[in-house]
Amino acid sequence: MPANRRAARVAVIGCLIPVLTSLCIPSWAHAATQNEPVHTHSLIPAQVVLNQRPGSVPYIDGVDNAKWPSIVSQSAVVMDMDTGTVVYGKNPLALHYPASITKIMTALLALKLGHLTDVLTASQNAVNQPPDKLYLEVGEQEELGPLLTAMMLDSANDVAVEIAEHFGGSVARFAQMMNAEAKALGADHTHFVNPNGLPNPDHTTTAYDMAVITRAAMQEPEFRKIVDTKYDNWQGEAWHARLVNLNRMLFTYPGAIGVKTGFTSVAHETLVVAARRGTTTFLAVLMDCPTDAQIRADATALLNYAFAHYETQTVSPADKVVGSVMGKAGADPVVTALPVLGTVPLGAPMQVASKPVYAAPQTPMAASGRIGELRLLSSSGQQIGEVPLVLEKPYQSVPQPVVWPRNAGIAAGILVVLSILLYWRRKVVRRRRARAALIAKAQPWRVGWELAKRERR
């Protein structure tokens, strides 16, 4: 029985100690564990963009579509791919069937979710897709890298379904993932139901949304490499071929760097093309055009006008030193956390003044982040934007005192009392054991008498 009592006391104390010690953890330690950053993969460039009107379509200030060439395509958008600023729009939010430019999103998701060396297996459903296709065999296994290249160059419908089933488990589930990604990117008017763009009344998007999606995809180096590929060799089980990129703009337009064509009988011709000249990259999306020749002519006219009249201006790079604050070791340089860019008329760069405004660091944790902002001012003195300011190196300050919670004193007192009780308990036990040993040595007959007495209790 005494052994059971001792075990119970030890168990109670063992349960109390973790609870009490948790009460004594400094408040900054709780904050550190509860506010750990969640790192997410974002393809929207982190930057400050000037000369852009707020709205559902971020047009450049002073946009005038009447000056642009007339086109046949029913919808079109020309976007500065570096800033996301739209310099031209014709029915940019009108719903259209995208056809095979859908595969831009399919490829983007595959690159986000997998690796180029992943092995995919063709299902009966994938094999049954109509042309264009790679004529995969049921059960044929190929790596994702060659499959993506074939899908983007040759517009293979079977590969798109194979990718959807591999990463989503089913076409329907993968379509949900496509829609979720579109929403996350800001393509709010898009609804996909399949990965290849085959006709479906509910499979629609807009020229602006496709520009947003493509701009995100073009942030992926592997995607840019694939859509800028003109030729590739396919060695499948049933079909060997030299693939030629169906995007003829890649061969004919100076500076073209991708991306995808599309056609169905209900969508008509669709096209997304990107081109780069100097430090400026424009992205053109055109939808619902009657012929391939016409949509390429429309794209050529729009891109030519864009390059002739607009350019990307880097107002300020990231990590630019703009001042300093005093730290423990002296002056600590302060730098801009983000680059500042703007789309401007060609040859008429923005004149931007700046004014740093600092907030004094309060703690090492706060000082490791934003400590102020660089206010950007127009020539008339109006604020047109701001850039977060951070320290170039980790903040060096005098160690801050530990802030203990209010109940720390109570917890500490309880721990002291428990320690005293344990000390006296051990002392009493030692005395009893010593007394019993002396009795056993001097008067052996009393040992039996003491045991009998305990049993009677």
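Cβ coordinates come from backbone N, Cα and C, glycine included.
All TrEMBL annotations are machine predictions without curation.
Going by TrEMBL, these are the annotated features:
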type: SIGNAL; residues: 1-31; note: signal peptide
type: DOMAIN; residues: 66-290; note: domain 'Peptidase S11 D-alanyl-D-alanine carboxypeptidase A N-terminal'
type: ACT_SITE; residues: Ser100; note: active site, acyl-ester intermediate
type: ACT_SITE; residues: Lys103; note: active site, proton acceptor
type: ACT_SITE; residues: Ser155; note: active site
type: BINDING; residues: Lys260; note: substrate binding site
type: TRANSMEM; residues: 403-424; note: transmembrane segment
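Features as recorded by TrEMBL, highlighted on the structure.
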{"residue": "Ser100", "record": "active site, acyl-ester intermediate", "DSSP (3 states)": "helix"}
{"residue": "Ser155", "record": "active site", "DSSP (3 states)": "coil"}
{"residue": "Lys260", "record": "substrate binding site", "DSSP (3 states)": "strand"}
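Taking the Cβ of Ser155 (active site) as centre and 10 Å as the limit, one finds 26 other Cβ atoms among all the protein chains shown. Sequence-distant contacts of Lys103 (active site, proton acceptor), defined as residues of its own chain at least six apart whose C-beta falls under 8 angstroms from its C-beta, comprise Met151, Met152, Ser155, Ala160, Pro195, Asn196, Gly197, Lys260. Residue density at Ser100 (active site, acyl-ester intermediate): 25 other Cβ atoms are found within 10 A of its Cβ, drawing on all protein chains shown.
There are 29 other CB atoms within 10 A of the CB of the residue listed as 'substrate binding site', with all protein chains counted.
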